[in-house]
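Visitor: Below: one structure in structure tokens.
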Ligand code: IPE
Ligand code: IPE
Ligand code: MG
């Protein structure tokens, strides 16, 4: 595959284990993850990929101990404050996906609104921060909207449902990378991930750098995407086998 992935999504996992291995508190692992976030955004921006999505906080992460949840809320705000101006200067448009839970503090909403307003007209890469995001909740939200609008059952198609997602213009994910060696989606962008190429890396998120993104993109280029079809080239055994299971890890 020659073309650059249009939408790369990263499940940023492994902060806790990174800290644990150093005898540090879990929150120190989250803090260390900021450098990886900056590196990933810069590398994606420089590669020319138009859509980058980062999984920052899941609807399930509310189950964590309250001090860690509190830290993650503040941490998100810190990442925005430290980086929004620089990302804005690069023409990056920043949007937040999810952010629906009443437990999100007002000060976090304020900073999110600020950065979304600041970067709204930017035409460079769109950075989607999945924050208080759950793929299932997204689908429930869209379904509710259809019901509220009285859309007749026979008019509910994939296109219509897709048009009722929070960001209907967010394209399908081409390349989905999860760090930390876990092999699961954890409720991430279920609608958009339907045909994503999956890459699982053993690196823990705070250690993630441009070279890891490049490694994943290189793997992606060696994959054959078939979308259920049966082209002549798809019938040949391809390098897909390289990426099977944990063999993708690094
Ligand atoms: C990812 O790292 C950060 C969030 C989920 C917010 P974890 O905190 O899940 O780290 P591990 O998986 O426990 O190592
Ligand atoms: C997924 O990681 C959520 C984010 C990366 C924000 P988790 O660490 O919360 O997922 P599980 O618990 O391993 O499925
Ligand atoms: Mg985790």
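Sequential numbering from 1, following the chain as shown.
Even glycines carry a Cβ here, placed using N, Cα and C.
Among the features that TrEMBL reports, active site is placed at 13. According to TrEMBL, the active site, proton acceptor annotation covers 61. The Mg(2+) binding site annotation in TrEMBL covers 13, 197. Taken from TrEMBL, the feature substrate binding site applies to 14-18, 26, 30, 58-60, 62, 64, 178, 184-186. According to TrEMBL, the feature region 'Disordered' maps to 228-250.
Where in this structure would I find these features, and how exposed are they?
Guide: Secondary structure from DSSP puts residue 13 (active site) in coil. Cβ neighbour count for residue 13 (active site): 22 (other Cβ atoms within 10 Å of its Cβ, all protein chains included).
Cβ neighbours within 10 Å of residue 61 (active site, proton acceptor), excluding its own Cβ and spanning all shown chains: 17.
For the recorded site, residue 197 (Mg(2+) binding site), the DSSP three-state label reads strand. Cβ contacts within 10 Å of residue 197 (Mg(2+) binding site), excluding its own Cβ and spanning all protein chains shown: 21.
Proximity of residue 16 (substrate binding site) to non-local residues of its own chain (separation of 6 or more, Cβ distance below 8 Å) is seen for 26, 29, given in sequence order.
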Visitor: Which one of these binding-site residues has the most other Cβ atoms within 10 Å of its own Cβ: 18, 62?
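Guide: Sorting the candidates by Cβ neighbours within 10 Å, the top entry is 18.
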Visitor: I'd like to verify something. Among the recorded positions 16, 61, 178, which ones have a C-beta closer than 6 angstroms to some atom of ligand 2?
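Guide: Result: 61.
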Visitor: Could you say whether, by DSSP, residue 178 (substrate binding site) belongs to a helix, a strand or a coil region?
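Guide: Strand, per DSSP.
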Visitor: Restricting to the chain of residue 185 (substrate binding site) and a gap of 6 or more, list residues whose Cβ falls under 8 Å of its Cβ, or answer none.
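Guide: 11, 135, 176, 178, 193 - these are the non-local Cβ neighbours of residue 185 (substrate binding site), listed in sequence order.
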